[in-house]
Structures are given as C-alpha cells and as structure tokens.
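S.K.: Have a look at the structure that comes next, please.
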C-alpha cells in the first residue's frame, strides 16, 4: 500500500475580506488531474484538512484570549490607578472642606469684629460731631464776648466780703448800652470820643478788679497756712501730749482691771462647772469611801499604827436558815471628835449635792462606832475591788 501524501490547503474563513483563494500547488494540480481512483483517499484528505483548520482556529482563539487577558490586566491596572487618584481627590476634597469651614469661621469672626468696629466708629463719629458742634458754639460765644467786651469773673472766697468795686460790671453794661443808643442819634464826630472814654474806664476797672482778686487770693493762702500751723502746734504741744499720755495710761489701767475681772469670772465659772462634772462623775458616797480607803492605806503603810476594835457581821444563807455571824477584833476604842453643825447658805446650794452625805456624818455629835466600822469595811471592799480591776 502506498503512503498517501498530505497536502495542507488553507481555506479562507468567512468574514475576512483580505483572504484570497489559495493557489493550487503543483502536486494538488497533478492530483486533480489524476483520475480519482478510490473514495477512501479523498475522505482521508478531507479529514486531515479539517483537522488542520481546527488547529489553526484554536491557535488563533488562544492568541485572541491571550490578547484579551493582557488588555484586561492593563485595564485592571488603570482601574487601580484611577481608584488611587479618586481616593487622593477625596482626601484633598475633605481637607478643602475643613479649610473652607475654618475660613468661614474666621470670616464670620472678622465680620463680627467689623460690625463692632463700625458701631464704635459710628459712636466716635457721633461724639466727634457733638464735640464739633460744641466747639462751634464756643467759638460763637467767644466771638460774641469779644465783640461785646464783657467778661464775667466768678470768684469763690471764703470769709472775705466782696468789695464794692466788683459791682461796676452792671454799670459797665448800662454804660455800653447807652452810648450805643446815643451814638446812633448823634453825629459821627462824637462817637469815637465816647468809645475811647468807655474803653479807658473799662480797662482801669479791670486792673483794679485783678488787683483785688490777687490780694484776696494771697490773704486766703496766708490765712490757710497760718491755720494749718496753729493746728499742728496744738496737736503736737506738750500739754496735749501729756494729756494723751495720761489718757492712754488710764485706758490701759481700765483694760487691765477689766481683763482681771473677766479672768476671775471665767475661773469661778470653770470651777463651778468642774465641780458639777465631778459630782456627776463621782458621787458623794463614792468620794467618802475613797477618802476612808485612802486613809486606811496610809495607816497600813505606817509602822506601829494604832489598831482599833472592830466588829463585822456576816450573813450566811443556808436555806431555809440564815446565820448572822459577828466577828469582833480586839484593840483600843476609837475616840471620835464631836463635829459642829454647818449652815449651808444660798451660795453653797450648788455644791450641796457633793457634800450632802458628808454633812450628815458631821452633824452627828456621837456617831455609832459600829456604823463607822462598817464604813471602813466597805472602803476595804472597794479597795479590793479596785485592785482586782487593775
């Protein structure tokens, strides 16, 4: 069997206008010229041609897909760049908005300041206009005064009577008013003489008024200086200083006495309060017991002290019986001194509660020995209790 020769023929695809019809090769021409011997060879050739076409189409598709992927990657890169640019633009816009807000705040503050300044300028302008009007009025008044040549001098003088020469100002007004009226009626030749006389009169009187004013001022200053000197002399004189010293000494003595009295009063009040507190804390019975126990301790610590006879009764309860046992200690009989009656006044009423029971003991002229012994025994018991507690 002969090997069949393969001939690749590229057919133009539909839709490509530049594709030209393939030129038949020499071998293809020979095969076309040859008579078709067998149908199998033609089928094989057509299958091979179709496979080649499919491969070429697949290659083209792969190339197109690669191109599409490249363009897609480029588009993704451009999109990422665009996103970065958009983010940067957004950041710049936010910064711009913040700057705009700050500028708006500053502008509003500036506008408020400008409004305040404008209000102040208006007020200043109004005050300046008022001052200008006042200045104009003053200028007009000054011009009128200069034209009239009338000057009223108001002087304050204390304790000085005004001289009679100052009353000439009224006569000056009348004298100036009369020549003006008469000058209109009289001729032109007489006017200058009267004006000159009036001027001379007014100038002389002004000089006299100034001299009187200067003299009165000098006298007033002199008088005030003399008064001040006299006041200083009186204040710092020896008699005044001695009087002040005596007064200060008297005041110091009074204050010392008052302080002493106050201290005595406070001491008495404090003593009373302390006595009250003592009576509240330690009653009179307890105080007497402590006193007797203290005396007993002192006796016990002194050698060769006198032992007095003493009896003590003890009670023992054994139901249904009670036994009273009396213990008698031998010794000398204690001689007690008779105590006088003590009168309690109104001043001692506050301390009466403290010394109530002590007074009762003092009132007895011949107290019972057994009662005294019982008191001493109770004080011993109190001391024992105190030592146990310590």
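Glycine is no exception: its Cβ is also placed from the backbone N, Cα and C atoms.
Residues or ranges marked as N-acetylmethionine in Swiss-Prot: 1. Annotated region 'Nuclear export signal' per Swiss-Prot: 52-62, in sequence order. Swiss-Prot lists 116, 122, 161, 165, 170, 326 with the feature SUMO2 cross-link, giving a large-scale study or a structure entry as the kind of evidence. The phosphoserine feature in Swiss-Prot is assigned to 118, 167, 171, 365, 366, 379, 387, 389 (among others). Per Swiss-Prot, phosphotyrosine is recorded for 156, 308. Swiss-Prot lists 166-186 with the feature region 'Leucine-zipper 2'. According to Swiss-Prot, the coiled coil annotation covers 199-282. As annotated by Swiss-Prot, region 'Leucine-zipper 3' applies to 257-297. Among the features that Swiss-Prot reports, phosphothreonine is placed at 302, with the record citing a large-scale study or a structure entry.
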S.K.: Cα-Cα, whole number of Å: residue 302 (phosphothreonine) versus residue 326 (SUMO2 cross-link)?
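M.R.: Approximately 28 Å lies between the Cα of residue 302 (phosphothreonine) and that of residue 326 (SUMO2 cross-link).
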S.K.: Determine the Cβ neighbour count for residue 326 (SUMO2 cross-link): the number of other Cβ atoms within 10 Å of its Cβ.
M.R.: 9
S.K.: Counting across all protein chains present, how many other Cβ atoms fall within 10 Å of the Cβ of residue 118 (phosphoserine)?
M.R.: 10
S.K.: What are the sequence-distant neighbours of residue 116 (SUMO2 cross-link), meaning same chain, six or more residues apart, C-beta distance under 8 angstroms?
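M.R.: None - residue 116 (SUMO2 cross-link) has no non-local Cβ neighbours under 8 Å at 6 or more residues apart.
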S.K.: What does DSSP say about residue 122 (SUMO2 cross-link): helix, strand or coil?
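M.R.: Residue 122 (SUMO2 cross-link) sits in a helix per DSSP.
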S.K.: Take every residue in the region 'Nuclear export signal' (52-62), average their pLDDT values, and give the whole-number result.
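M.R.: Here the predicted model's pLDDT, averaged over the region 'Nuclear export signal' (52-62), is 92.
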S.K.: List the helix, strand and coil residue totals of the region 'Leucine-zipper 3' (257-297) as derived from DSSP.
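M.R.: Output for the region 'Leucine-zipper 3' (257-297) reads 39 helix, 0 strand, 2 coil.
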S.K.: How big is the gap, in Å, between the Cα of residue 326 (SUMO2 cross-link) and that of residue 118 (phosphoserine), rounded to a whole number?
M.R.: 119
S.K.: Including all protein chains shown, what's the count of other C-beta atoms within 10 A of the C-beta of the residue listed as 'phosphothreonine'?
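M.R.: Total other Cβ atoms inside 10 Å, all chains included: 9.
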